[in-house]
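What TrEMBL says about this protein:
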type	residues	note
DOMAIN	3-126	domain 'NAD-dependent epimerase/dehydratase'
DOMAIN	167-268	domain 'NAD-dependent epimerase/dehydratase'
Amino acid sequence: MRVLVTGGAGFIGSHIVTALTARGHEPVVLDALLPAAHPAAPPLPDAEFVHADVRDPDAVRSALRGVDAVCHQAAMVGLGKDFADAPEYVGCNDLGTAVLLARMADAGVRRLVLAGSMVVYGEGRYTCASHGTVRPGPRRAEDLKAGRFEPRCPDCGAALAPGLVREDAPTDPRNVYATTKLAQEHLAASWARCAEGRAVSLRYHNVYGPGMPRDTPYAGVASFFRSALARGEAPRVYEDGAQRRDFVHVTDVAAANSVALEAVAGLAGGTMTAYNTGSGEPHTVREMAAALATACGGPAPVVTGEFRLGDVRHVTADSARLRDELGWRPEVRFAEGMAEFARAGQRTSAEPVGPGRP
Ligand SMILES: NC(=O)c1ccc[n+]([C@@H]2O[C@H](COP(=O)([O-])OP(=O)(O)OC[C@H]3O[C@@H](n4cnc5c(N)ncnc54)[C@H](O)[C@@H]3O)[C@@H](O)[C@H]2O)c1
Ligand SMILES: [Zn+2]
């Protein structure tokens, strides 16, 4: 199968290219090599490469020639610097997706796997002893400043127990990036209906592993900790460190994309199906920092009480649908994955990672 991988020079995309090639498929990469994602020139993928923006309709039209399916990874990621980034996020992620889907409709390419995200859920799933499943609203700055990090029951103010989020949980994006990721799914669903397409959104949880971008405002938390340790400094953990996340290894995410690309043709036409993509092994951010510090032989994490508005407290996935319907199994356990990440490091021009490169 010939697969157009947008964002295929990025962290996750480059692992997808490797996984697709290993399964006998033919990836074609389209990537704009955004400076925010690639402060230094990245190694180019070991695949046919088109240096272009997904917002460029002509480039997308020619890249789609002979393509059976599209794996859409290109996006601006992370929380960004401030609200001034909003137009660029919406441009790359939503206008870009709209241009891609319009060209797919023209070209009759009807299979799409989208890089979704758990950020569409906002706060995860919580249970109140008196009120059952509840959805706490955004946390208030004054609570966070006072060290009250746990969301409370919106009905009675009681402490809540976090649970696993399923795909039918209501969506509630809490920042610009999350909003653009949710809009991508709605665009994909509209395209599927209008163009008899079949779409899958893999809602990745916190992806980590070799080739992860360095600690730019657009990077993930494991990157910040890894970079601090590389400088001989302690990882600085926000809030009280008890935020729960599902850290899923990038090779497992790449495998989920391969499985989804192979299965998408057999799914119901005209629909988009979302699948949580997590390891099923929730950990706190402090545990993650400690695992990296131990593996690096570096200083123990420092819990700072700082916070970022727009961060959610706990969000962990129930990935049973992806396991049961598509037969995917995550293979990298937390302890071994973090130890390997601590050794393997992040993406720079001097530290090439990517398809065909160790
Ligand atoms: N890393 C995570 O933990 C995580 C979690 C959930 C979802 N995701 C999603 O996974 C996908 C890949 O993320 P990543 O972590 O590999 O990020 P990344 O920044 O390493 O890769 C993204 C790639 O897309 C390219 N790109 C961005 N905008 C583009 C545009 N307009 N045209 C062409 N190319 C463009 C960039 O140059 C980059 O190479 C994104 O869609 C992201 O939203 C990532
Ligand atoms: Zn209650």
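Yeah, the Cβs are placed from backbone N, Cα and C, and that goes for glycine too.
Look at the domain 'NAD-dependent epimerase/dehydratase' (3-126): DSSP puts its residues at 48 helix, 27 strand, 49 coil.
For the domain 'NAD-dependent epimerase/dehydratase' (167-268), the number of residues in each DSSP class (helix H, G, I; strand E, B; coil) is 47 helix, 18 strand, 37 coil. Confidence for the domain 'NAD-dependent epimerase/dehydratase' (167-268), expressed as mean pLDDT, is 92.
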